[in-house]
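Here TrEMBL flags 61 as active site, proton donor/acceptor. Sequence annotations record features per position, and here TrEMBL assigns substrate binding site to 9, 13, 35, 36, 37, 38, 55, 56, 88. The domain 'MGS-like' annotation in TrEMBL covers 1-124.
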Ligand SMILES: O=C(CO)COP(=O)(O)O
């Protein structure tokens with residue numbers, strides 16, 4: 001089973017929820033993990049089972065990054081807000097970087113998230 005992280009900044013959370021509803025069947029075949037608030041919304045607004053880490057600004061991005069570093073993660077869908085600065089920018093950069101270090105599939109917008117989920121669940 002593929003392990004997949006789902007993360008969205010506040011302005012992008014509606015788009016992530018909509019994406020999760022559209023791909024609910026495919027996502028249900030994955031072992032899902034999310035940052036705190038994103039995970040809470042996924043749990044309440046979809047039928048998906050999601051493991052929740054801390055909220056992003058409180059270390060959640062780093063907790064997911066640690067799993068990437070440990071080779072436990074198959075993909076990360078991270079809908080970042082490209083228009084607003086985040087207080088935990090260093091944590092965000094660290095997560096993106098560690099995905100590249102470990103060649104872990106990373107999607108930061110809906111178009112690439114679609115490719116990622118389709119690819120992951122086809123081969124997964
Ligand atoms: O801030 C985030 C990612 O950088 C997301 O965290 P939340 O899901 O807790 O809002």
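Every residue, even glycine, has its Cβ placed from backbone N, Cα and C.
For residue 37 (substrate binding site), the number of other Cβ atoms no farther than 10 Å from its own Cβ, over all displayed protein chains, is 20. Residue pair residue 88 (substrate binding site) / residue 61 (active site, proton donor/acceptor) shows a Cα separation of 9 Å. Looking at the residues that bind substrate per the record, 9, 13, 35, 36, 37, 38, 55, 56, 88, the two CA atoms farthest apart are separated by 17 Å.
Most other Cβ atoms within 10 A: among the binding-site residues 9, 88, that distinction falls to 9. Cα spacing between residue 35 (substrate binding site) and the residue listed as 'active site, proton donor/acceptor': 7 Å, rounded to the nearest whole number. For the binding-site residues 35, 55, the largest tally of other C-beta atoms within 10 A is found at 35.
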